[in-house]
Structures are given as structure tokens and as C-alpha cells.
Amino acid sequence: MFVAPDIKNFVAWDYVVFAALFLISSGIGVFFAIKERKNATSKQFLVGGKQMTCGPVALSLTASFMSAVTVLGTPAEVYRYGAPFVVFFISYTFVIIFTSELFLPVFFRSGITSTYEYLELRFNKSVRIAATLIYIVQTVRNVFVLTGFNLWGSVFATGIVCTFYCTLGGLKAVVWTDAFQLVVMVVGFLTVLIQGTIQNGGPNNIWENASNGSRLAVFDFDVDPLRRHTFWTITIGGTFTWLGIYGVNQSTIQRCISCKSEKQAKLALYLNLVGLWVILVCAVFSGLVMYVHFKNCDPWTAGFISAPDQLMPYFVMDIFSTMPGLPGLFVACAFSGTLSTVAASINALATVTFEDFVKYRFPNLSEKMSTWVSKGLCIVFGVLCTSMAVAASLLGGVVQASLSIHGMCGGPMLGLFTLGIVFPCANWKGAVGGLLTGITLAFWVAIGAFVYPAQPSKARPLHLSTANCIQANNTEITTLAPTLPPIRPQLADTWYSLSYLYYSTVGCLGCIIAGLLISFLTGPDQGKAVKPVLIRPVCNLFCFWSKKYKTLCWCGVEHDSTTISVNGAKKAGTDEPLQNGFNKETQTHLPGYNHHEKSYTNTSIETESYF
């Protein structure tokens, strides 16, 4: 037993700073509710009228990334396992490139609001409904993990505030509130970094002690897929995991397609990438500073805290013990990430439910009624997410829990969209079979890992010392009776021990492979009924030398022929193909293409829909 040091609690100024965050966030929702009251439509409410610019959207995407997973979980990961987490900067780069160049153009040019509309256009209504239901379950299940807090007060405060400004102001309120919250998060992070570095002897001392504690061994090229974090698990598994979050996730794509043009949407994603890099570096360095601060008395091993995710708040209360208000600033920082993520999720859930169920069932709803239904859905999902948040205290670390859930559902969903966008031959039977296969494989490995956790030798946590912790006077030494090791099935140390970052990879590849096999067995699509705008010609990169092979890979989709159907009319073209699958002449006649912007714009799409 160890004696816990006297760590002070919140004082009045901390609560003032904390309360200010909620008041300003709510005020932004009220502002947009008043500002947009005269042109309130469901499209204005759900996607900001599709006239947003890249700056606010980029800030919003970055803020959503900085959930409690980043603010609380990442520093704790670095504290326990070292700095290999920084290798995620490679994964983020791949993710943004694939999202902006592969998935976003298809979603944007289709003129859709819900990403799952694409699945009906490409396959059929059944595939769309199945994917929508999976997304709703996944998002509601994941939101309470992202909160990272298990206090009733914080859970209800987060849920009430998010529901309030989402319902009042719609997507514009979510985006601009995110921008404000990002400022709070960055200021909070930097304050902790500066004060922690000063108290622990400066940057050189931090670096030296982190190196002595084996925290700076970044690149581990072990190819063992059972190892928790290596260069390969992070770059490959991390790319698949985050691509499921960015590339095809409604919450992210909804904000991108709210931009006024495709060029603006892509720019928002690339600006967001810079933000991801900066935040990742801050989070990793916070973990190193925290390790140096506690290197001789680890509060988790000593029993001062009950979970690793409490390390960062404990550290903040320690270093700011004589500075009232600053602990409240950090808690506001952590809550800002939570508010941003939960708000975006509530808005996305309301959007897919309205577009994929309500609007389909009641196609003749008036704009006024559509807006009220959308707001009502925000309230419903806000209450649902808040109610489920109590289960967060039953989970482990927020980083692994969050990414595991995304991998279990996000991987198969990524595979489903990839089937439709990259493989013109895939049919609806292959889509359904592939989705079921991917989900089965991902849940099989994830549930098996939960029941039979991997051996510590695969995770390799680094040494944590309690040498300088004060021993209690009444320390009692108890002798535990030896116990037999639990019986583990053969799969426990192989399949079930797979790194959690590979869950998404398993689900995605399982979906694609099974989907293609089923499509070929049941008769692949011949492409005659598939609109070229629904496909990205990735095959052109690999068979550019042969028109015959390109035609074969496109399965009959008319992507670079001299005539192409646009809204039922025939347009003349040339023989010069472009990377997007259309030649120069036909591209300039496609709906949504703006000559002045030299990009696809939502203004043009609204006036002349492709479908």
C-alpha cells in the first residue's frame, strides 16, 4: 500500500472556465438558430445548404479528431508503451489522400446527402438500409466510448449541451462550435505542455529521461501481426482503421459535401491533415512529459488512480495545484473534443435517419415539416447517446476501445464502399455477402480477443516504477494462493491475439474478397446500368497501356467512349481520357461541373441533378 499525495480538487475559477465552454457552445447554437430562421430547410439544417468554405470545415474535422481518445488516451498510451504512436502520422497521410482522391469525388459528384444513398444508386435499397442500420448502431455504441468520462454529471452535461446546439443550429452550429472548441483544445494542450516541461527541467531533460526510460524507440519493424503496436500494425492497420472513419463515414463526409465545391472539400481535408499532425505531436509529447514527471512514482501502479486514462487529469491537477483556473482549462480542453465528436455524431445520425428512412417513407413532406423532423431526430439521438454513456465505465482504455469498435464495423463498411467504387463488376449479391462476411470475421476476432486477451508479451508495456512512492505505515503483506492458469483455446494465442489495429483490415479485406467471389459466381455486373460517376477508374493506373484491358476492368461501364449518356442525352467526346474516367469534352458537360471554378460545385448540382 502507498500513501497518495494530496492532490487538490477544482476551485471556483475552474468551474467558471469549465462553465464558460458550455455557455459559449450553446450560444453559438442559439446564434445560428436566429440567423437561419428565415431560410430554415432540412438541407440548410443538415448540410449547411452545401455552401460551407474549407476553413471552418477543416477546423471542425480536426476538432472531432481531438476527442477524449486523443486528449486522455494518447498521452496514456505513450506513457505506458512509448512513442511508436507517433508513426500514426504516416497513416493519417494515406487516409487523407485516399479520402480526398478516391472516395470524396464520387460522393460529391453524386449530389447525395447521406453516404448510404450511394449504395442504393450503385447496388439496391436493401444494401443501403443494411449499411445505414450498421452505421447507426456503430455510432451510438462508439459515442459513449469517446466521452472518456464516467461521471454522471459530465455525461449528462455533454449530452444536454450537444443536443441543445445541434437541435437549434444544425450543421453550421456544429462546424462553428467545433472551430471554437478547437481553439480551447489547443490552448489547453499547450498550457499543459509548457507547465509540465518547465516543472520537469526543460525539453532537454524530458528528452534524456524519456530516452533512458526506453520511451523513444519509435520504429519497430517486427512483422508479427500479433504485436500490439509496430511500424506495420500502425501504418497498415491504422490506415484501414482511420480510412473507415474518414473515407466513408457519414460524420466526416457530411461536412465535406457541405462545402460549396469539390476543390474546397479537398482543401479542407488537406488542411485537416496538418492539424492532425500537430495534435498528434502534442499528444505524444504530453505522454513523454507525464512519464518524466511520474517516472519514480507511477500513480497507476501505486493505486492512486484506477485506470490509465485517468493519468492525464491526475497529472494536470498535480502541476497546476497552485494555479486556479488552469485545471478547469484542461478539463474544458478534454470536454471540447468530446462535445465536438458527440455533436458531429448526433448530426450525422439525424441525417442518415432522415434521408434513408423518413424521406424515403414520406417523400412528400414539406420543407417546414422536414426541418422539424430533422430537429426531432437530433433530440432522439442526443437522448439515446447520453443514456448509453453510463456503460463507458465498464470498458478499458478509450483508445483501444474506440478504435476496436471502429475496426469491427468500420472495416466491413469500408470494404462495402470499396467494392462499389473500385470494382464495377461487383453486384448487389456480392455486396450483401461481402458485408456479412466482413462483419463476421471482424466481430469473431474482436470478441475472441475480449474473452481471451493477448499475452502481455505481445503488448510489451514498458517499466513503471514506484520506488519513490511513500509507503503506508500499516502495510500488510498478503500471500495469495497459487492458481492454475486459465484454459486457453488454440486460437487464443494466434487469431484472437491479432493486434486490435488489424480488425478493420480483416473486415475490409474479408468483405472485398468475399464480395468479388460471390459476384463472379452469381454473374458479375456488366456495367450497362452503372453510371460512370459512381465508379473511380483505379484500374486505369494499372492497365493504362491497353484499351482492351481497361474496357475489361470497367465491365462495360462507358467511361471514356466517344459518347456518354448525361441525363438521357448523348454528348460528343474525344479519345483523350482523364483520370476521373471522362474525357475532356464530356467532363465539361457533366452536371455539377463549374467552368469558372474548374471544379464540381454544389450550386450546379442543385440546378441539374445527375440522377
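For all residues, glycine too, the Cβ spot is worked out from N, Cα and C.
Nobody curates TrEMBL annotations by hand; they come from automatic prediction.
The transmembrane segment annotation in TrEMBL covers 12-34 (among others).
The transmembrane segment feature in TrEMBL is assigned to 54-73 (among others).
Residues or ranges marked as transmembrane segment by TrEMBL: 85-108 (among others). Outside the transmembrane segment (85-108) by six or more residues, the chain places 74, 77-78, 115, 118, 218-219, 229, 231, 234-235, 238-239, 241-243, 245-248, 252-253, 256-257, 262, 265-266, 269-270, 272-273, 276-277, 280-281, 283-284, 287, 417, 421-422, 533-536, 538, 580, 600, 602 with a CB less than 8 A from a CB of the stretch.
Residues or ranges marked as transmembrane segment in TrEMBL: 129-149 (among others).
Annotation source TrEMBL lists transmembrane segment at 155-175 (among others).
As annotated by TrEMBL, transmembrane segment applies to 182-198 (among others).
Marked as transmembrane segment by TrEMBL: 229-248 (among others).
The transmembrane segment annotation in TrEMBL covers 269-294 (among others). Residues 54-55, 58-59, 61-62, 65-66, 70-71, 74-79, 83, 85-86, 88-89, 92-93, 96, 99-100, 104, 182, 186, 189-190, 192-193, 196-197, 199-201, 205-207, 209-210, 213, 215-216, 246, 256, 311-312, 315, 318-319, 464 of the same chain, all 6+ positions outside the transmembrane segment (269-294), place their C-beta atoms under 8 angstroms from a C-beta of that stretch.
Residues or ranges marked as transmembrane segment by TrEMBL: 329-355 (among others).
According to TrEMBL, the feature transmembrane segment maps to 376-399 (among others).
Within its own chain, the transmembrane segment (405-423) has Cβ neighbours under 8 Å at 102-103, 106, 115, 118-119, 122-123, 127, 131, 134-135, 137-138, 141-142, 145, 240-241, 243-245, 247-249, 430-431, 434-435, 438-439, 442-443, 446, 500-512, 515-516, 519, 534-536, 538-539, counting only residues six or more beyond its boundaries. Per TrEMBL, transmembrane segment is recorded for 405-423 (among others).
Annotation comment: TrEMBL describes 430-452 (among others) as transmembrane segment. Counting residues 6+ beyond its ends, the transmembrane segment (430-452) has Cβ neighbours under 8 Å at 119, 123, 126-127, 130-131, 134, 404, 407-409, 411-413, 415-416, 419-420, 488-489, 491-492, 495-498, 500, 503-504, 506-520, 522 in the same chain.
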